[in-house]
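Here is the structure we will look at, set down as structure tokens.
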Amino acid sequence: RIIIIIMAGEKGVRASLTARDRVGIQDFVLLDAYTSESAFLDNLRKRFHENLIYTYIGTLLVSVNPYKDLDIYSKKQMDTYMGVNFFELPPHIYALADNVFRTMLSEFNNHFILISGESGAGKTEASKKILQFYAVSCPSTKLLNNVRDRLLLSNPVLEAFGNAKTLKNDNSSRFGKYMDIQFDHRGGAVGGHILSYLLEKSRVVHQNHGERNFHIFYQLVEGGEEDLLRWLGLERNCKNYRYLVQGDCAKVSSINDKSDWKTVRKALSVIDFGESDTEHLFGIIASVLHLGNLKFDADARGYATIKNNQEMHWLLGIPNQVLQQGLTHRKIEAKTEEVLSPFSVEHAAYARDALAKAIYGRTFNWLVNKINESLANQDSSRKMVVGLLDIYGFEVFSVNSFEQFCINYCNEKLQQLFIQLTLKSEQEEYELEGIEWEPVPFFNNKIICDLVEEKFRGIISLLDEECLRPGEATDLTFLEKMEEKIGGHPHFVTHKLADKNTRKTLERGDFRLLHYAGEVTYCVVGFLDKNNDLLYRSGKEVILFWVSMFSKAVVTQFKNSLVGLTEILMSKEPWYVRCIKPNESKQPAKFDDVLVRHQVKYLGLMEHLRVRRAGFAYRRKYEIFLQRYKALCPDTWPNWKGTPAEGVRCLIKHLGYKTNEYKLGRTKIFIRHPRTLFATEDAFQVCKHQLATRIQAKYKGYRVKEDYLKQKEAATKIENCWRGLMARKERERRAWAVKVIKKFIKGFMTRNQPACIDNSEYLAYVRQNYLTRLKENLPKSVLDMDSWLTPPPILKEVNELYMFLKNAVASPCDIVWVFLLLQLLLKAQTSSMFKGKKENYPLSVCRPFSSLCLFLFLFFLISSQLFAFRPQYGVPVVKYDRNGFRPRLRQLIFTQEAAYLVEETKIKQRIDFTSLKGVSVSNLSDNFLILHVTCNDIKQKGDLVLQCDFLYEALTKLSFIADKQSCVKVVQGSVRFDIQPGREGFVDFKSGQESMVYRAKNGHLMVVSVDRKSNS
């Protein structure tokens, strides 16, 4: 039936398979060729090139360092992975962190996450991402936020003091770190604790070429405040300090020491370091730098003396004599006496470096303890814990020494624990689900762990014994003892014990161990000195730290630490993150098959995959399996009514699973082969698209129907409102018509009575009707009085004028004399106002004023509204807007009480002569006038800016009609006018070659007139 479904949607399946071929499989457990290392690498490479850096092996997370920033760590991504089933979304470190957190809360037990990999593989970044996820996802209170900040900021402090640039990584952790994060029952972070392992103290005094000392030294020198450096006796130049220049790379482009210094200083204050603690801490760091600059000379007897005593002034705050004796002499106890034995120059330099390493190592331990005090949980009630173990991965270099031996021994122990816990969890799950457990063959590395740690016969016991035995013990005698005691072990070989072919690959001072991850050759040189971590008694007195002569050797301390760590981890539920470095050059998108294959082998990934695939490749709870695939069976879709287990049985029966392909447990279904799951998944992808189409169609139909009903309801409401509005308008129109008819009838009945409210509208209608008829029946000549329409009786003024004109025609000479006398009087008035004040006044003297009568009749034709106000004079003008100065054609009308600005038949503004403050004109030859009015209300219009071709006539008529002879002012330069109360404008006047009117850049109206004087 699966085949039928797949054939029905062949295109969808092909697309699904193509996508899987391109991006690979997100869980290696589902890899068909799970025993093939090449298939494993091929899947890892595909995902890496698609920027999919995370892949699962069951619940183990494989992480490949992309060497570039990926947009997969945002707050939005964190929210996406919070509270989601582990396998529901693509692999991510957030998914693992969230699953650990939710499992801890639901089962109320402790967990740990083991993060391992080579230097530069991204272990430190992985632990940071987990901490950041918990910082965002945990409940937030003031107290919890304080703990959260301290947990987060402990990282930059530990990185500064415990990380350094190496050839493989610019921020390599040079110590192992285990951090416990303590949570309360609600999931709030309430405390933490940190354990450190095997700090690489030798880096303090020696760095290989291309490497640096610990970050804190460079941060202090480059970023420290001037006062602090002066107090510590330091200079801002790393080249002045011997311990900082051996690697010849004090400056690194990817590291900003100044910025990191500020981060460390801030972190120390948050972690609750006092000012005194901080000063002492940096004082010790500075003392290590000064100690490294001490130089020794040989005296006459060949004994060492300190050459540069000035450096001793800054060292540790102890007397120079005590320090000098501690660095140049060895104190030997003989029964009850103490004898000082002088050093040679070589031994003194060794003692100096040993003291520097001891000081830094114990300072680092003090720092970790101080951080632990800050993170300590004050609540004694039971807490749940998530541990983070960031430990060095398996290391194989061209030359492997004591450090690599300890690191690889640690990885052997962790691999042993890893296999035990994985097999244990697998077996427990099978037993819990009632499925028969099938024994899983795997390589048990207990034989290698015993070779290293077995009492009396192991390498560690032999090394300690050789360090403590009297006589001249050397690295070679230690090698000889191993050949004697464990020479027959199948996982141990030396140059002496090897066959002819193997001997060619071994030096005489080498021994080779066959680890679980492969062969590693160790150079025995330096094993005894590094294991002793020798610090002479006099040196111990210098740092006031008395140690028993029988203190444990380094490797034994490390073994005991591992035993303690193993006990801690065995008490918790394990989770794993395996970090892989894709290339040595730190380049993005570069995948080095040889290097990755090497890491896959050393990380034990194939071993883990074989354990996980020994039984069933896939297992899921019934609820989750049914929820995902129920659409493939008509009986389970859309909702299954029975139990999840019955639903899964019905589903797999419909899909046609064979009995040897699956097992049904108590709460889970177990599928043996990945191909079975892939066939189901491909069928689901096809079905999902079909279901999506049907759901979309149903949803779209529902939405369209919903929209239609909404539109219908809205249309009905609009129709009702529109009908109501139209009915109200009709009622109002009819009421208005009734009112108008009543008024008209009443006006007609009272037409012969004096003007009142009852007949005013009727009389206005009669006047308008008469003027309209007059407009269409004008006589050809003004003197042809018989052709004029006879005005109705109610137009008393027109009747009087009509009779006057009619009588005047009989004696035209009298009319001429009257008009000439009127002209003379007006000209005399104009002369008194403008003579000698305005440039173009002489040109207006010979120009007669226009006839008032003609204008009045023309005006009557245009506007009947003003007739009741008895117009006295009118003239066309150009009015300039107060805002923007746009020109508008208007008529300026004077009556007995006011001036009107008219546009066709519409009155635009009325200016009462009582409110007219004055009129301004320039002294040049332009024709502009500004009417200034009293303006108290902000809604009232302001002053008028006008241009009039009949300027002198209009102003003379205004002064004559309004009796305002003294209000006309002739000004020079500029005139200010009020736009409205609180706003003012300006009109600037000047002479030029031609007349122009425009708005200047300063916002003023610029009027340019022709200079009459220069022209004349």
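Placement of Cβ uses the backbone N, Cα and C atoms for every residue, glycine included.
Noted in TrEMBL for the protein shown:
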BINDING   Gly117, Glu118, Ser119, Gly120, Ala121, Gly122, Lys123, Thr124  ATP binding site
DOMAIN    24-685  domain 'Myosin motor'
DOMAIN    823-1011  domain 'TH1'
TRANSMEM  809-828  transmembrane segment
TRANSMEM  849-869  transmembrane segment
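A mean pLDDT of 83 is what the model gives for the domain 'Myosin motor' (24-685). Spatially close to Gly117 (ATP binding site) yet at least six residues away along the chain are Ser63, Lys123, Gly393, Arg578, Cys579, Ile580, Lys581, Gln599, Leu603, judged by Cβ distances under 8 angstroms.
Apart from Gly117, Glu118, Ser119, Gly120, Ala121, Gly122, Lys123, Thr124, the residues listed for ATP, the same chain places the Cβ atoms of Asn65, Asn169, Ser172, Gly393, Cys579, Lys581 within 8 Å of the centroid of those Cβ atoms. Each of the binding-site residues Ser119, Thr124 was scored by the number of other CB atoms within 10 Å of its CB, and the largest score is that of Thr124.
Around the Cβ of Glu118 (ATP binding site), 25 further Cβ atoms fall within 10 Å across all displayed protein chains. Every protein chain considered, the tally of other Cβ atoms within 10 Å of the Cβ of Gly122 (ATP binding site) stands at 24. Sequence-distant neighbours of Ala121 (ATP binding site) (same chain, 6+ apart, CB under 8 A from its CB) are Ser63, Asn65, Gly393, Cys579, Ile580, Lys581, Gln599. Over all protein chains present, the Cβ of Lys123 (ATP binding site) has 27 other Cβ atoms lying within 10 Å. In the shown protein chains, 23 other C-beta atoms lie within 10 A of the C-beta of Gly120 (ATP binding site).
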